[in-house]
Structure formats: C-alpha cells, structure tokens
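As given in TrEMBL:
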TRANSMEM  26-44  transmembrane segment
TRANSMEM  56-74  transmembrane segment
TRANSMEM  94-118  transmembrane segment
TRANSMEM  139-162  transmembrane segment
TRANSMEM  198-216  transmembrane segment
Amino acid sequence: SFNSLNHDMTLPEFKFIWYMEYSHRMWGRAVGLAYILPAAYFWRRGCLSRPLKGRVLALCGLVCFQGLLGWYMVKSGLEEKPDSYDIPRVSQYRLAAHLGSALVLYSASLWTGLSLLLPQHKLPETKQLLRLRQYAHGTTALIFLTALSGAFVAGLDAGLVYNSFPKMGERWIPDDLLAFTPMLRNIFENPTTVQFDHRILGIASVTAVTALYIFSRKIPLPRRTRMAVTSLLAVACLQ
C-alpha cells in the first residue's frame, strides 16, 4: 500500500490507523468475554430457564461468528485484486455480512435484556394493534436493508461518486446507473447504483418511520410504547 498508493503517509498517521484497528479487535474480544463469562457463571448457578439457555447459547454463538466474519472480511483486503491492485479494499459483500451480523447480535441482545427487565404489556389484540405490529416489523426490515446498503457504499467508496442532494450531479437519475452487465451486478458492484439505492432506501426508511408514528397516534397505547415510537422518529430525523 505504501509503495503503490500512500507515499506521503507519516509514521504517526500509520500508528493512528493501526491503533484504531487494534482497538476495534480488542473491543470485540472484550464484548465476547462480556457475553461468555457471565453466561457460564449464571448457567452454572442454575439461574437460566430452559428457553433462556437456548437464547444465551445462540447469542454466544453469534458473538463467535461475528469475530470469524471480521477475520474473513479483513482477509479479503489483503488479497491481490487484478482490477484494483493499487487500492487495498475489503470485499463489500463481507463488509455487509459483518455489519448485518453485528446488527442482529445487538438487536437480539437488546430484545433479550428488555424482555427480562420489563414486563410484557397485556393488550387486547385489536385489528389496529395487529396492523401496527406488522407495520413495525416491516419498518424494521426496511431499516435493516438500508443499513446493509450503507455497508456496500462504504465498501465501494461509493459516497465519493456524488456529493450533491437530492440530485446526483445535475440529474435525478444518473446516466451510469445500469452501466454494468449483467444488470444485477449494478446493485452490488456499481458505485453509482449503490449510492442511488442507499439514498432511496434512506428516504423510504424515514418516510416509513414517520408513517408509523402518525399511525400509532390513532391507537391507544401504553406510555412505554408511545415513548418508544416517539424516540424512533426522533432518532430517524437525527440520522
């Protein structure tokens, strides 16, 4: 990398990048220990119910899988690529997998923790409530997809292609949106298409969260649920 690309990098600049990577790895290992050691302790003390044991095993397995995915991702950045040998870059597919796995792990951990800390509300299963729940699940999937598309943007440096909004350059739809063949490759490998998709998904996510909030205002909900929906809207606007 130094010989072919970063000739002007100083030793302090290299150390900064190295320590960022090292800190990330050590933090990941600390997270693994924070899962596995308490899990083993509470398991041995008989504090875990049978369903919770299955969930704890799944979470610990996912932590280990996350570390393995991280190694697999970094490995792709050390391989020689004939089409971009001068730019060390990890595979955008592996980056998306690593991020997706982290999001699943975080969400499952949060869900498990809240399930243990907060009693579940016993609400009447009205038609409106079922629709709200289905819409919330759909919004979750859309946000997850948007985050994964962000990993493709990062992996391809697609954020550098266009830096104007809402138009991309002078056009609403760029000329090179479908430049690659076969057409499906554009979604995952064409930087222009990847950035375009991320923009559309981001706008769709904010719209879906706003609609979820408006719909929730028409239904009588517990204070905790209403606070969660309002917080979701606030975080979406901030993002």
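Including glycine, each Cβ sits where the backbone N, Cα and C put it.
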Chain residues in Cβ proximity to the transmembrane segment (56-74) (below 8 Å; excluding those fewer than six residues from its ends, i.e. six or more beyond): 25, 28-29, 31-32, 35-36, 39, 42-43, 48, 90-91, 94-95, 97-98, 101-102, 104-105, 108-109, 112
Selected stretch (most C-beta pairs under 8 A with the transmembrane segment (198-216)) from 26-44, 94-118, 139-162: 139-162
Long-range neighbours of the transmembrane segment (26-44), counting only residues six or more past its ends (CB under 8 A): 53, 56, 59-60, 63-64, 66-67, 70
